[in-house]
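Comments concern the structure below.
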């Protein structure tokens, strides 16, 4: 008897809150514009639609940053999102930035190459925030953040993240409501760091399955044993729990060694929105 | 007797008391021009909510010689005002407080008694606990004020009721939580459940204001509300938007409801006290602090 997990969201309510968040957090920092890396995937498409709705499409710059092995489909899908939202856009191939470093180390594996690409994309993103005079909008969802399926200082780098409290399953619901092109909603999720890469292939389980488990563990505070009793496979549960723990470092600012009477993050405590 | 109540749900600038004060004065002017007798602002309306180490910098004292309260007290000559602020007492402790201002005087100050310090809340780190819950007299009858977590414990509203309050003024800066398939957040449903319960059980008017806006990733959902002694919703502010919601209440509804449902008449205060004394004295069943 498997416990029913309801991940349904009211998309109008979510849209209302998230566009308000984007508008508020960008305006109070003295900006009116946003820049976003558009991968052709679901998450960046949703973030792009939200930013366009919040700020006006003329105030959003979407960047397509392919590497030579990036799938042509991803570029096409990103272009569909650009056209559907009416945002400004720029395409820049990152191959000449990436290849000299990769070629320097003949033994380099996929993980290192993927990290380099993600971080190069972030260099371009942040450069364009200055050129466009906007803030970088993040595209990471709650599932990825909890599983650590992000590149530190790569795709997780941003000034604000509208979808970081939505599981992948919920992002998909929101995408349908926003009018994200159906082909983007339907395709298998991928970080698109190498040809044929899919998230679920790497993770070893589907987002739909892990979202339900994460919802029970995190939102409903079930113990691992209670999740097993709810019908999840024991090895799956323990693997996910351990993965969440091991990736905590990606969710935190690096710890500062406390020496003084007042240390940033420990007893120097202010919101980012301080004074605004 | 009729009371025209204005529920102000505002956005604030975190830590900028002067800007927030200017907004208060503008809204008070609007409330007055629309015929309000009393305007109620949300919790910490002069400062913003997640203050942390800003707390000592934004604190003030509810006195006529305080530069923040002077213009508010002047404005209260025209209509009664309830504001949220950080109070610094004479020995430099800081409280989340609410002040009722009327005809140039501070009629009452309530200091938040329950400071949530769990989950995303951290109030007990920065603030001192209030230690009184008291009703007070106004031109419109006897009133009680509570701040957010205070009304999540049954005891403070009960004390106000016994102390003679017929109008309960609740103020919040409640962060939005719990997105589901429903049209409103869980946090909004939770609050409205208990507002209605208090109005019904104490056969009294219950007014609630909640701020709007964002602080970092927190959203504040507004939806100011007024419930009558029958537990009926008389007015509701919009979600997530600044608004001034005016509602005229007929205080004589108290007479009609209490004739129908004499809960106040039948309340056995001495029994409660007797049983509380027994419970508190009994160390084998320890309940609360």
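In case you wondered, yes, glycine gets a Cβ from its N, Cα and C as well.
Whatever TrEMBL says is automated annotation, not expert-curated.
Taken from TrEMBL, the feature domain 'NAD/GMP synthase' applies to A:18-254.
The secondary structure of residue A:43 (Mg(2+) binding site), as reduced to three states from DSSP, is helical. Cβ environment of residue A:43 (Mg(2+) binding site): A:139, A:140, A:141, A:144, A:163, A:168, A:171, A:189 lie under 8 Å away, each six or more residues apart in the same chain. Annotation source TrEMBL lists Mg(2+) binding site at A:43, A:144.
Under DSSP, residue A:119 (deamido-NAD(+) binding site) is assigned to a helix (H, G or I) in the three-state scheme. Neighbour count (other Cβ atoms within 10 Å of the Cβ, all protein chains): 17 for residue A:119 (deamido-NAD(+) binding site). Under the heading deamido-NAD(+) binding site, TrEMBL lists A:119.
Taken from TrEMBL, the feature ATP binding site covers A:139, A:168, A:190. Residue A:139 (ATP binding site) carries neither a helix nor a strand DSSP state and counts as coil.
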TODO: Identify, among the binding-site residues A:139, A:190, the residue whose Cβ has the fewest other Cβ atoms within 10 Å in this structure.
DONE: A:190
Open item on the list: Please report the Cα separation of residue A:119 (deamido-NAD(+) binding site) and residue A:190 (ATP binding site) in Å, rounded to an integer.
Closed with: 17
Task: Segment confidence, the domain 'NAD/GMP synthase' (A:18-254), expressed as mean pLDDT - done: 94
- [ ] Please report the number of other Cβ atoms within 10 Å of the Cβ of residue A:144 (Mg(2+) binding site).
- [x] 26
